[in-house]
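Features reported for this protein in TrEMBL:
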TRANSMEM  50-76  transmembrane segment
DOMAIN    68-354  domain 'G-protein coupled receptors family 1 profile'
TRANSMEM  88-108  transmembrane segment
TRANSMEM  120-148  transmembrane segment
TRANSMEM  169-188  transmembrane segment
TRANSMEM  218-244  transmembrane segment
TRANSMEM  294-315  transmembrane segment
TRANSMEM  335-357  transmembrane segment
REGION    405-430  region 'Disordered'
COMPBIAS  416-430  compositional bias 'Polar residues'
Amino acid sequence: MDKEGSLRYDVENRSDLFSKLILSKENNDAITVDPEKPTAWKAPSLPTYVAAYVTLANILIFLAGTTGNVMVIVVVTRVRDMRSSINLYLVNLSIADLLVLLVCQPTALLEFYAKDRWFLGQALCVTIPVLEHTVLHASILTVVFITFERYLAICRPHSGIRLSSDGEFIFTIICIWLGAGLTSLPFLDMTSLKESTFYDGSPCKVCKTVLSKPWHTYYIVGTTTGFGVLPVIMLACFYVPIICRLRAKHGLSKETGRVSLTHADNTSSKRLQRSAALFSGGYRLRSHRQVIRMLLLIVVFLFLALVPMRVLALWQVLGPPGSTLSLGIEGYYNLIWLCRMLMYTNSAINPLIYSLLSTRFKIAFRLVLRCQSHVLNNVLNNRNQNMMTRRTALRLEVRSAFSTGSVSGHQHYPVSENSRGTTENNVEPL
């Protein structure tokens, strides 16, 4: 048997997430080995460095990802003051990321070391692909819904559509997981456990995903588009007006945040100017910008991780048959594991983003790591009380300045939108 035949077997008889996207045709289902000469050829082997970096990188990603996502879930669920609408959606994202690390990663590593043989039985052969794609689709849908919620809060505060109350949140989460699961069910028809032949000629079982029907190809192309291209377009449609609105608010705040004082000394003037800037919505604007920066980073990392996988899927489905053979076994495995580790890294990196861009998450993580979670509520509650006390004092001070005539009547003083009776959503601090 030539090297090409052995590589075809190796490439086509894989059952993890990425190799399922290789989607071999049934007429190339398995190779045949001459039973009279079971050792007449030697199967190609991977270089040692591939096994070394795959093992080390996956261990580090798994440990960091599981620890970080569990910490996010613990912090938000145990600390009442952290249960904002955004943070609850981030918990759902952490659950999806945690399932990626617990379901996809161990299965892929098991097959890597088992040389593509399947030891987990028919039931898991069929259900694991569904679970893998369900958690991936749930991650993407969660990011889209989080961005849509921010779009409504910032750009359409009077639309009447809310995703932040308890009822709407539960309904949205159910829709996310239901949609993710339903769009993954076709793998039940596409995946099965089959008899094949191992490198040395001995019989073995492999878990295969085969495009045996025309709609299978349409499904793969459709899900690649629906969970790859379409979310990018939707997120762009949300983020462009969000950024424009925040930039406009920032410019307005800088222009109107100053107050002319005619009967006060320089010290009082500076103090009231700072008070006016805060009272005019500067705190809310900073909170908006912090949330958007964090969400943008999450989106960028998500699609940097998923684009290679989607491109690989389309290449295998729409490209010339056997086109991956030109890579050679070493090149193919390097490509496939680069795609895998990008996806796993994305599932592990989100808690790091939260800790870098959110002061509250940073404090919470630090206290949890020090086993001081019992003081976390007090710390965050004190920060909120101090902020509310400060804002109340500033409001009273500015009103006093107006009532005593220390501010000229012809000057415009910006008042926060909520104080005018509008219904714009408050931005809950992260």
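Residue positions begin at 1 at the first shown residue.
Each residue, glycine too, has its Cβ placed from N, Cα and C.
For the domain 'G-protein coupled receptors family 1 profile' (68-354), the mean pLDDT of the prediction comes to 78.
When Cβ-Cβ distances below 8 Å are used as the criterion, the transmembrane segment (120-148) is approached by residues 15-17, 20, 86, 89-90, 92-93, 96-97, 99-100, 103-104, 107, 110, 163, 172, 176-177, 179-181, 183-185, 187-188, 190-193, 207, 209, 223, 227, 231, 234-235, 238-239, 295, 298-299, 302, 306, 343, 347 of the same chain, each at least six residues removed from its ends. Comparing 169-188, 218-244, 335-357 for CB pairs under 8 angstroms to the transmembrane segment (88-108), the maximum falls on 335-357.
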